[in-house]
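The domain 'GGDEF' feature in TrEMBL is assigned to 349-465. Residues or ranges marked as transmembrane segment in TrEMBL: 109-137, 149-165, 185-207, 214-232, 238-258, 265-287, 293-314.
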Amino acid sequence: MEKDLYVKLPYYTHLKSPTSLTFEIQIPKSSNKYLYIPQIDASYIEILANNTTILKKGYSSKAGHFFYTPYFIPLPPKISTLKIKLSGVYEIGIEFPIYVVDESQKYKFWILNFLTFHSTLILIGIFISLSIILYLLSKSTTSLNKKKIFHYFSLSSIFASIWIIDLLPISDFESIQGFLKFKKLFIISLYLGYSFLLKGSLIFFYYLNKLGNFLVYAFYFMALLLLFQTNILSLHLLHNYFSVIFIISSIFLLYLYFKKKTQNYYLFFILTLFILTTIHDTIILLFDIESKLLSPIGGMILFFVFSYIILYEYKSTTIEKEKLYEKSLKDNLTGAFNRNIFEFENFSSEDVFIYIDINKLKEINDTFGHKTGDKILVKFSQTVKQFIRKNDLLIRLGGDEFLLVLKNCSKRKGKKIINNILKKFKQSDKISPAFSWGITKFDKSVEKTLENVDILMYKMKLKRK
């Protein structure tokens, strides 16, 4: 309908066919020089002051999309009449009061413009980045469940980034049919994104049941119905009616949290905020309430949910790798390091090497059994650890042979320490175990030092036979 219809503000309506409206406003004499409009719902916008165009958004096809961002427009001097010409495809109007203000009110526009436009761009970038990170995590983890969780959350993030584009002002879709195709893409992406979020959450919270699967398939079914809509108005209205599923699913997510009985209050807090923004926007869509959508804020909160999951996985993976790393360097029986530690440690001439051989361990094994022999080795390791520092190393070289490395230590102090260890070790069991030892300073290489200190230990062993 190309004929201009004059109506009063505020005004909003759904359209069965493309329509143009004109709003005419009388501007009182004032020193205020700016027009502030919190939101316009239209596919084409033209604002005239005293019949002179001061703002124009859109093209002759009148198939753009503007509905979320604010406007702050300089007004010419001595203005008396303001005309706002709008064209709409499926909705049209200015739902909020408009204001003529001075420049001091510009901060309100900046804040609202950041929340509705710049934060939306940031959010698109965040979701794309998250989808890549989550996808890479799905490929790197060996756990099948974690692989599925990250895969579903990655898909949820990429579909969320597509849906968020719907909040941006777009000047032209070339035609009404082009507009319909893009609108379907944006809205269906929301349903698919939420379905994958729900599917990943079911695995994350270890709760796979009929209700969860029903909600997932309900999202798929609704997305399919939206796909077959033939005009934008029916698509828009059906989406509004279907939006109640987001409230149900959000409450279900909170139920999953309590079902798991987790004590992570950070996750509870951000999950609750996300659910509240979802409920807020659903109510606005369902009842056509005049209020700003909180979707970008909800998206930011969802970013923190995913960030928590990523950090949790990183922490778990790091701990797991540390355990595997430690296991690869430790002797299972005694808890002492094994020979692999030499690959990761650097030694200096200030370090003392003490080569230790448990005396008569074979005889102990033959007489009392291998369990007793193993117990003696464990007691030796426990005794040594009582006398050394955290940066010192006890290394089991094999069988009954150990190496004690005292970092930045003199030979005199090293001898005192090893004698104290020997005294304590003899008292650790009724069979009075003992050991022979040799001591030297580190000399150029581990191999050479071990060779030298082994000879010194063997000399002591010969003396005690």
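Backbone N, Cα and C atoms are what each Cβ position is placed from, and that goes for glycine too.
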Quick one: DSSP breakdown of the domain 'GGDEF' (349-465) into helix, strand and coil?
58 helix, 26 strand, 33 coil
Kindly state the mean pLDDT of the domain 'GGDEF' (349-465) in the predicted structure.
91
By Cβ distance under 8 Å, which residues at least 6 away from the ends of the transmembrane segment (238-258) in the same chain are close to it?
187, 191, 194, 198, 201-202, 205, 207, 211-212, 215, 218-219, 222, 225-226, 229, 267-268, 271-272, 274-275, 278-279, 281-283, 285-286, 288
